[in-house]
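Engineer: I grabbed these lines from TrEMBL:
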DOMAIN    1-526  domain 'Neutral/alkaline non-lysosomal ceramidase N-terminal'
BINDING   H84, H194, E470, Y513  Zn(2+) binding site
ACT_SITE  S285  active site, nucleophile
DOMAIN    578-752  domain 'Neutral/alkaline non-lysosomal ceramidase C-terminal'
Amino acid sequence: MTGPAAQVNMMGYGNFDQVTGGVHFRLRARTFIVAESSQGTRFAFVNLDAGMASQLVTIKLLERLKSRYGNVYSEENVAISGTHTHAGPGGYLQYVTYTVTSLGFVPQSFEAIVTAIELSIVQAHNNLKPGSIFINKGDLENAGINRSPSAYLFNPKEERSKYNTNIDTLMTLLKFVDGDTGNSRGAFSWFATHGTSMSRNNKLISGDNKGAAARFFEDWFNKNSSTNSTKLLGRNKGMFNKASKIKPTGGKTCANTTSQGFKVRKNKELKFVGAFCQSNVGDVSPNVLGAFCIDSGLPCDFNHSSCHGNDQLCVGRGPGYPDEILSTKIIGERQFQKAVDLFTTANQELTGKIDYRHVYINFTNIKVQLTDNKVVKTCPAALGPGFAAGTTDGPGVFGFQQGDTEINPFWKKLRDVLREPSPYQVDCQKPKTVLLDTGEMFWPYPWAPAILPIQIFRLGSLIILSVPGEFTTMAGRRLREAVKETLISSGNGEFDDQTHVVIAGLTNAYSQYIATFEEYEQQRYEVQMHNLISTRVIYVVVLTEHYGLCNASNFKKLEQAASTLYGPHTLSAYIQEFKKLAESMAKGENITKGPSPPDLFSVQLSLLPDPTGDSPPPGINFGDIKQDVFVPKWGTFTKGDRAIATFWSANPRYDLLTEGTFAVVEMLQGKSWLPAYDDDDFCLFFKWEAENITGIARAAANVNSYGYATLEWEVPEEANHGVYRLRHFGSTKETKESSNSYYTGTSSAFTVS
């Protein structure tokens, strides 16, 4: 589900300048399905290498599943959970707030995700067989820190004293075992840490630390379980002379599926699925060294996460600082190593029922009864000034700080051009000042969701809570405890203190952050769309130019509400509604489905232009070498060196090469070249960019830019001695209406010793 690897804005940081420009490693959808029998109760859980789930993705995915399987799968028993990587293509959600920086809806991103989920579920469905499931839990203490510790301290002291840390360090893992062979088929784990090891300046598609952990886990299992794997071996004798005689092939045409044959890992050969799922991640950062001022190197201000009043100078540091790739690898390895430990020692088998509950709720005006019997309400969606400051993982707009409750006159006027909040909204959101009244904005379509799904899965003594947002550490603890207490008190003895409850964050839809009432008062947790305040202005300008609406009076049409879960009692509403689901599950009762969310597919705006026909420079073919591999002066590459080659290349958006690869490292075996690494490997980077051209050259070529792909292979420790070369695959089309043509080309050979 890797999506378009060029020119598409990434989802997560809300940074207009962060557009895809290559692949770090590929994104995947991973699914497990459990069923009581071949025709019995079942549910499907999908772990998605994406920023978050999307309500529109869920809607369209369920339509496809219905056409395949009838009523076997529905919104009630399918959960789609994002890992929260901030390095995946955006444009796949249906509300304006989440498609601002991507210039609206991006059909190619959307289709890649929906198709991957569908095929992942199909594979899991077809592979159903009798088996056992084991559960194990353990603490992982060096893969996350609380990035807003001052807000956490607002929670009651007696509550905080129940916990050793200000984050949840527990990892919960499921181990799936084939009942016929006794072989392990997969493992899914839940652990809370943000997908922000890769920074807001990164432009390579990446699964971030959780995607990396999954890659490491699957490779570890397949390597250790293989009994007859073929190992690529090199011979030192004569390899230098041989390599020096092998020159680049030049660009050559090939079939559209050729790159699939060069994949090192093929789906049909995979023996194991290892997934690292997200949990209550709202205030947990993988940048475990802490946040520091980039000008002075000193720690940031504790309460505001800023430096001298400037939020943009305060940036978190990962364990590999200043190398974000290394940080991603380290945090991924720490999760992977813990999962291996839990996997190899798991011996508690899950037994009991499979069950599920699901309901849609309109969160714009929920009446919530508090413990003192006071009745309060939720509010339409709104964003406060604190959100514009961003977080230490990705600073936001200059002039804002976390904890801000006031808006200066300039930003207030700008806000009112978009939508001046109603008196009700202003009062409801207190103590938050309304910076953007997204819940009362719906032009050209709703800016934020009003109807959200909540869901509970039961797998024996394990309870999975599907939440459409990012719960903070303490918010997640309160929700888990409330659900567990309800299950025990309402059931007939099926639930007890040994019942396990996990939160699956960013699932089925997205509604930003959920903080505790006390944390809400400090106004740090709002939304991770860090630069939206500035980019929304640009977006509105684009829209008005596009539709010829050039005066502020047109924006006064944004009067009807389209809301999400915000306001000081957001968490209380979640807890109240989840307790209703838990009670119905414990008592074996049905629950009313609730109002369905809107399907806004037909009204989506897509302002990102398609790539136009590409051409290489005169006399050049796509796939030709632009810059060949530069061999070190000592004549060979060694472990840790980088072999780099650049090829003339067309825009990778013409074909995503799904289940294929843009980049390959080939090793010479006898007279044959065999793929050793591809763009799904952590050590091989595919980078694409366009070189703008002007004047006579532009007129002669009839193109705006020349594209080129750079392949960088960092020789890993496990690489064998031998002769290697780099290969690039790509696709192009002459016009928008013409069919794709495919090409490939290789570098000259070089040695590793």
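Backbone N, Cα and C atoms are what each Cβ position is placed from, and that goes for glycine too.
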Engineer: Rounded to the nearest angstrom, how far is the Cα of the residue listed as 'active site, nucleophile' from the Cα of Y513 (Zn(2+) binding site)?
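Structural biologist: So the alpha carbons of Y513 (Zn(2+) binding site) and the residue listed as 'active site, nucleophile' sit roughly 14 Å from each other.
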Engineer: Between H194 (Zn(2+) binding site) and S285 (active site, nucleophile), how many Å separate their Cα atoms?
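Structural biologist: Here the two Cα atoms lie 5 Å apart.
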Engineer: Using a 10 Å cut-off, grab the number of neighbouring Cβ atoms around the Cβ of H194 (Zn(2+) binding site), all chains included.
Structural biologist: 30
Engineer: Return the count of C-beta atoms lying within 10 angstroms of the C-beta of the residue listed as 'active site, nucleophile', excluding that atom itself.
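Structural biologist: The residue listed as 'active site, nucleophile': 24 neighbouring Cβ atoms within 10 Å.
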Engineer: Only counting partners 6 or more residues apart, tell me which same-chain residues put their Cβ under 8 Å from the Cβ of H84 (Zn(2+) binding site).
Structural biologist: G12, G51, M52, H194, G195, D208, K210, Q278, V281, E470, G505, L506
